[in-house]
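Student: My structure is below; once you've seen it, I'll send some questions.
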Amino acid sequence: MESTEGNSLQALRQNRGKVDSGLTHECGVFAAIGNESWEAGTEIAQIVLIGLQALQHRGQESTGIVTSEGHNEFNVQKGMGLVKNVFTNESISQLTGVMGIGHTRYSTSAKSTAINAQPFVVHSMHGSLAVAHNGELVNASTLRKQVLDRGVGLSTHSDSELITQALCLIPPDGEVNGPDWPARIRHLMQLAPLSYSLVVLLKDRIYAVRDPYGNRPLCLGKILASTHEMVNGFTEDIVNKIVDAEKPADGWVVASESCAFMKITRYMREIKPGEIVELTRSGPKTIDIIPTPAGKAMAFCIFEYVYFARPTSIFEGQEVYNARVHCGRQLALEHPVEADIVGSVPESGNAAAHGYSLQSNIPQGELLAKNTYVGRTFIQPSNRLRQMNVALKFSPILTNVKGKRIILIDDSIVRGNTVGPIIKLLRKSGAKEVHIRIASPPLKFPCYMGINIPTREELIANAKDFEDIALKVGADSLHYLSVEGLVRAVQKDIKVQGRKIGHCTACLTGEYPGGVPDNLDW
Ligand SMILES: O=P(O)(O)OC[C@H]1O[C@H](OP(=O)(O)OP(=O)(O)O)[C@H](O)[C@@H]1O
Ligand SMILES: NC(=O)CC[C@H](N)C(=O)O
Ligand code: SF4
Ligand SMILES: [Mg+2]
C-alpha cells in the first residue's frame, strides 16, 4: 500500500519519473482476440508482446500482459522496465489464452513502482476484470471519493486502478441478468469524461473505450487470415492484395497507435471519440458512442502530432509524418530566413525540417548524427553535465556545418536543455549563422491528461527573460510556429467522417478542454 500523505495532485505527482529534457510520454495499450476457431496457446500473448514493443516509445517504466483462456482466472505477467527485459520465453509460456491485453507505462498519477504496473486485475462478483489505461483522470480525486464512499477499498493511488474499481460498480439503473458491462462503461464515462483510452479484458470479451473528447488515440486492426502463409513465396505486393481483400480475419487487435500493427496485423480504422467497441470471438461491434458533456468540442492531443507518436502512425485519416511536414511548411511561411542548409535535431524534428526545406527551397541536409544508444537525458546536477549529455547524444556533421548559414529545426523546446548546447556545438564546428525554428508554439502550461509536462517554473517559455531567449541560447534568431499555424497545419489533411474536428492545445494556450483537476492546490 502506498503512503496516503498529501493527496493534492502535486503531492501525487512528486514521484513520477524525472528527466532533464524533453516531454516524457504517456502510455501504450494493446489488445488481441482470436476468432472462434483460434486455439488457446501463447500466440495471442506473442502478438500482444510484438504490439507492446512497437509501443515502447510511449512508456518505458513498466509493462504487463494479461490473457484469458475463457475462464474466470486470468494469466498475468508484469514487471518494471522495458518489454524486452520483462518478458522471457518462460513468462510468455505462462500466458496461454485466446485473448489478451497489454500495457507500456510512463507514470502520471502514481509512483513508478511494480504495484502500479498495468494492466490492473480485480476479481469481481462476476469474474475477473483487467484494465490497461492511457491517460489521466482530470477528476480523479472526486471519483476516488465516490468509489471509496461505495465501500470499495483501493490499494494504490493510481487513477487506472480507480477506473478498474469504478467498472465493478453496479450502474444507477441496476442490472437484471448479471453484469451489464456496456452500462457499467457508460456509467464510468459519465463519472469521468476525460482522459482515457482503455482496453478492458473480461473472461470472454474485450472492450475498447475512448473518452468522449477523443483526447488519447486508439485504433482497431485485424489479425490477417492465414492465407498470408499460403501465399508465401509471392512478392509482398501480391501478398498485400490478397490479404487486403474482404477475407474473414483470424482475429482483431486494438492499439494506441497503428505503428503497432505489423505484418500479420493490419490497420482497419480509428476508434471514434466516445466509442465503446465490444470485441468477441465473432468480431468487433460498436456498442455506443458517448458525446462530450454539454456538446463541448473534441480535444485530440495535438502533441501526438508534434512529438509523441511514431511518424508512421495514422491519426484522423493522415500519417503523422504528413502533418509534421505541413508544420515545417507553415513554419517556413511564418518565419523565413536566408540560409544555406536546413537540418533538424533528430529524431522528431526530421519531418518538420523536410517541410521547411520544401517550402523555402533551401536544401535539406543532416547537421547532427544521433547516438542511438544514449537514451534519455537524466536529471543532472549541473549545466556542465547537461551539456556533456547533449555532446554525447549528438555529433556535428562537419561537411554540412562548417562555414554554413544553418536553419536548425526542432519540434519543441521544453526546458531548453537541448537547444543551447547544440547551438554551442554547431558554432564550435564552424557554423557561420544558426537560426532556430521550432515547429510548435512555446509550451507554457502543464498537462493533466497523461503527459508529464513539467511545472510552469520548469518550462523555459515561462522564464522572465523569455523574449531574450535567442540571445541566451546563442542563436542568431529563434522563432516558434504560431498556435493558429499549428492547428491549420495539423488539420489540413484530416479525413474523418460524421464528426467535428477539434484538438487539445492546453499546454500552449492554457485552455483545458475538460477543466483543470479538482485537487490542484495552486
Ligand atoms: O527543451 P528540452 O527540455 O531540452 O527538450 C526538448 C527536446 O526533447 C525532445 O527530444 P528527445 O530528446 O525526447 O528525442 P527525440 O526528438 O529523438 O524524440 C524534443 O524533440 C526536443 O528535441
Ligand atoms: N501516461 C499514462 O497514460 C499513465 C496512465 C496512468 N495515469 C498511470 O499513471 O499509470
Ligand atoms: S495539454 Fe498538451 S500534451 Fe496535454 S493533452 Fe493537451 S495538447 Fe496534449
Ligand atoms: Mg528531439
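Placed from the backbone N, Cα and C atoms, the Cβ positions cover glycine too.
Pasting the feature list from TrEMBL:
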type	residues	note
ACT_SITE	Cys27	active site, nucleophile
DOMAIN	27-282	domain 'Glutamine amidotransferase type-2'
BINDING	Cys301, Cys447, Cys504, Cys507	[4Fe-4S] cluster binding site
BINDING	Ser348, Asp410, Asp411	Mg(2+) binding site
Student: Just the binding-site residues from Ser348, Cys447, Cys504 whose C-beta lies under 6 Å from any atom of ligand 1, please, or none if there are none.
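Tutor: The ones that qualify, in sequence order, are Ser348.
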Student: Per DSSP, to which secondary structure element type does Cys447 ([4Fe-4S] cluster binding site) belong, with helix, strand and coil as the options?
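Tutor: It is coil.
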Student: Quick test of your reading of the structure: among the recorded positions Cys27, Cys301, Ser348, Cys447, Cys504, Cys507, whose CB sits under 6 A from ligand 3?
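Tutor: Going through Cys27, Cys301, Ser348, Cys447, Cys504, Cys507 in sequence order, those close to ligand 3 turn out to be Cys301, Cys447, Cys504, Cys507.
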Student: Of Cys27, Cys301, Ser348, Cys447, Cys504, Cys507, listed as recorded positions, which ones have a Cβ less than 6 Å away from ligand 4?
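Tutor: What lies within reach of ligand 4, judged by Cβ under 6 Å, is Ser348.
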Student: So around the Mg(2+) site, Ser348, Asp410, Asp411 aside, which residues have their CB within 8 A of the centroid of those CB atoms?
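Tutor: Once Ser348, Asp410, Asp411 are set aside, the remaining close residues are Val306, Tyr307, Ser344, Val345, Glu347, Gly349, Ala352, Ile409, Ser412, Ile438, Ala439, Ser440.
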Student: Cys447 ([4Fe-4S] cluster binding site) has how many other Cβ neighbours within 10 Å of its own Cβ?
Tutor: 21
Student: Determine the binding-site residues, out of Cys301, Asp410, Cys447, Cys504, lying near ligand 2 in the sense that the CB is under 6 Å from one of its atoms, and give them in sequence order.
Tutor: none
Student: According to DSSP, does Asp411 (Mg(2+) binding site) fall in a helix, a strand, or coil?
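Tutor: DSSP assigns Asp411 (Mg(2+) binding site) to coil.
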Student: Cβ atoms within 10 Å, counted per site: which of Asp410, Asp411 has the most, among these binding-site residues?
Tutor: Asp411
Student: If the [4Fe-4S] cluster site is taken as the center of the Cβ atoms of Cys301, Cys447, Cys504, Cys507, which further residues of that chain fall within 8 Å of it by their Cβ?
Tutor: Asn215, Ile302, Phe303, Met449, Ile451, Ile453, Thr505, Ala506
Student: What are the sequence-distant neighbours of Cys507 ([4Fe-4S] cluster binding site), meaning same chain, six or more residues apart, C-beta distance under 8 angstroms?
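Tutor: Correct list: Phe303, Leu443, Lys444, Phe445, Pro446, Cys447, Ile451, Ile453.
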Student: Considering only the recorded positions Cys27, Cys301, Cys504, which fall within 10 Å of Asp410 (Mg(2+) binding site) when distances are taken between Cα atoms?
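Tutor: Qualifying among Cys27, Cys301, Cys504: none.
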Student: May I ask which residues of the same chain, at least 6 positions away in sequence, place their Cβ under 8 angstroms from the Cβ of Cys27 (active site, nucleophile)?
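Tutor: Within the chain, Cys27 (active site, nucleophile) has Cβ neighbours under 8 Å at Arg58, Gly59, His103, Thr104, Arg105, Tyr106, Gln118, Ala132, His133, Asn134, Gly135, Ser256, Gly450.
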Student: Just how many other Cβ atoms lie inside 10 Å of the Cβ on Cys301 ([4Fe-4S] cluster binding site)?
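Tutor: Other Cβ atoms found within 10 Å: 28.
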Student: Does anything in the same chain, at least 6 positions from Cys504 ([4Fe-4S] cluster binding site), have a Cβ under 8 Å from its Cβ, and if so what?
Tutor: Tyr213, Asn215, Ala299, Phe300, Cys301, Ile302, Met449, Tyr512, Pro513
